[in-house]
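J.: Annotated active site per TrEMBL: D303, in sequence order. Annotation source TrEMBL lists Zn(2+) 1 binding site at H55, H57, D149, D303. Residues annotated as substrate binding site in TrEMBL: H57, L58, R59, N89, N276, H307, F321, G322. Marked as Zn(2+) 2 binding site by TrEMBL: D149, H176, H230. What TrEMBL records for 45-233 is domain 'Dihydroorotase catalytic'.
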Amino acid sequence: MSYLLKNVAPLGGAPTDVLIDNGVLAELGTDLARGAAEVLDADGLVLLPGLVDLHTHLREPGREDAETIASGSAAAALGGFTAVHAMANTNPVADRAEIVEQVARLGEYAGLVEVRPVGAVSAGLRGETLAEIATMARSAAAVRVFSDDGACVHDARLMRRALEYVKPFDAVIAQHAQDPRLADAAACCHEGEVSGRLGLPGWPAVAEESIVARDVMLAEHTGSRLHVCHVSTAGTVEVIRWAKARGIEVTAEVTPHHLLLTCDLLAGYDPLYKVNPPLRPADDVAALRAGLADGTIDAVATDHAPHAAHDKDHAFADAAFGMLGLQTALGVVAETMVATGLLDWAGVADRMSLRPARIGRVAGHGRPLQRGEPANVTLVDPAASQLVDPDALVSRSRNTPFAGRTLPAAVRATFLRGRPTVLDGKLVNGIPA
Ligand SMILES: NC(=O)N[C@@H](CC(=O)O)C(=O)O
Ligand SMILES: [Zn+2]
Ligand SMILES: [Zn+2]
């Protein structure tokens, strides 16, 4: 099947026609002949390289009540993604070759996005001994991102070893930066005026910043690649800016929810706003937006963290940490970065596709929209808007913090290797069972 996108605007630039044939962008130009292709009228639509998520929790194996690789892949495709990185904090933990290979296989079987497994840094995410990093890197899954996400690799010696270990594989350590001594297990709210007022155990910004400061020095020392997960404070942005200026190989991501939401939302003790790292005050949100705009923060990553109602619907202190993100990410970025003039669509493509693909070493994704490139692309209507209805999401969980909000822009179509996974804003093959 081939498709002719009529009058589409690549990266929001001048409209042109794009022919998708044989899995690639076969032709770009004005007034292309339709031939046997199905024509999609793309007037007013923006063509982006398929979005790439560096940070997704798909919960399979082990918590299929919250999400499966198939249901999470469907949410991703609807959100405009063509590749996602499946975090390792599953049950069993993805700390060896069999598990990462199984995750990759299930991703292929679902066939909606490329699922790139993340390998654990430490065995069982326990932070004591290294996981089987080399065998995962050399396995059929060819893991290039390693992370204990959910937990911080807090032991400096283990972090140093991990950085050294991944270097020959050109892989990266993605750190969940949280000093467990400064933000203990009870911490669930940004430490500041709001935690005092609400009487919730506080989580100081320095618990994140001190680990990032240590890790960039370890990255400099080892000459290895470090990636900082879900940056949440202004101070972390400063540390990363400094490290990049010094030539250290560090990259960073910010989540959509940290770009839009503040800790003031915790006033009603609604566990939907409970997330790790916590929502922060407006000054931090402004610094995160500025850091993403100037490229200090490389990427938007969803940290899509589905939780079943029986884990999330509890008193604030007892509820699970995490928020859904895949189906709302582009809308939140459109609201916080595009509508504000901080990024144009080319900038969105850079932060949500090109750079994350490069960081994760994902071949064939995040490529320029040029002839001959693999047709991993997404079609966005920048003039549309979408009311977030939790019951309309295809994720198995319902824990979106954006319920009831109207977000700008809408994904109209997503193509994976030239094959549409989403058309007219709907899954081509329906919602997976
Ligand atoms: N972000 C979260 O609040 N939760 C994540 C873990 C994590 O990303 O640290 C999860 O796995 O639920
Ligand atoms: Zn995390
Ligand atoms: Zn996470």
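Positions of Cβ are set from backbone N, Cα and C atoms, glycine also.
Show me how these features fit into the structure around them.
T.: Long-range C-beta contacts of D303 (active site), restricted to its own chain and to partners at least six residues apart, with a cutoff below 8 Å, comprise H55, T56, H57, C229, H230, T255, H257, V275, G322, M323, G325. A coil conformation is recorded for D303 (active site) in the three-state DSSP classification, outside any helix or strand.
According to its DSSP assignment, R59 (substrate binding site) is coil. Sequence-distant contacts of R59 (substrate binding site), defined as residues of its own chain at least six apart whose C-beta falls under 8 angstroms from its C-beta, comprise A66, E67, T68, G72, T90, P306.
Counting every protein chain shown, the number of other Cβ atoms lying within 10 Å of the Cβ of H230 (Zn(2+) 2 binding site) is 24. In the three-state DSSP reading, H230 (Zn(2+) 2 binding site) counts as coil.
Averaged over the domain 'Dihydroorotase catalytic' (45-233), the predicted model reaches a pLDDT of 98.
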J.: List the binding-site residues L58, D149, H176 whose Cβ sits under 6 Å from any atom of ligand 3, in sequence order.
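T.: Checked binding-site residues vs ligand 3; flagged D149.
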J.: What's the CA-CA gap between N89 (substrate binding site) and H176 (Zn(2+) 2 binding site) in angstrom, rounded?
T.: 12
J.: Using CB under 6 Å from any atom of ligand 2, narrow the binding-site residues H55, L58, D149, H307, G322 to the ones that qualify.
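T.: Passing the 6 Å Cβ check against ligand 2: D149.
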J.: Around F321 (substrate binding site), which residues of its chain at least 6 apart sit with Cβ under 8 Å of its Cβ?
T.: C188, K274, V275, N276, A305
J.: Determine which residues of this chain, when D149, H176, H230 are set aside, have a Cβ within 8 Å of the centroid of the Zn(2+) 2 site's Cβ atoms, and list them as they appear in the sequence.
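T.: Filtered neighbour residues, in order: H55, S147, G150, C152, A174, Q175, A177, Q178, C229, N276, P277, D303.
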J.: On the three-state reduction of DSSP, what should I expect for F321 (substrate binding site)?
T.: coil
J.: What is the interatomic distance between the Cα atoms of L58 (substrate binding site) and D149 (Zn(2+) 1 binding site), given in whole Å?
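T.: A Cα-Cα distance of 13 Å.
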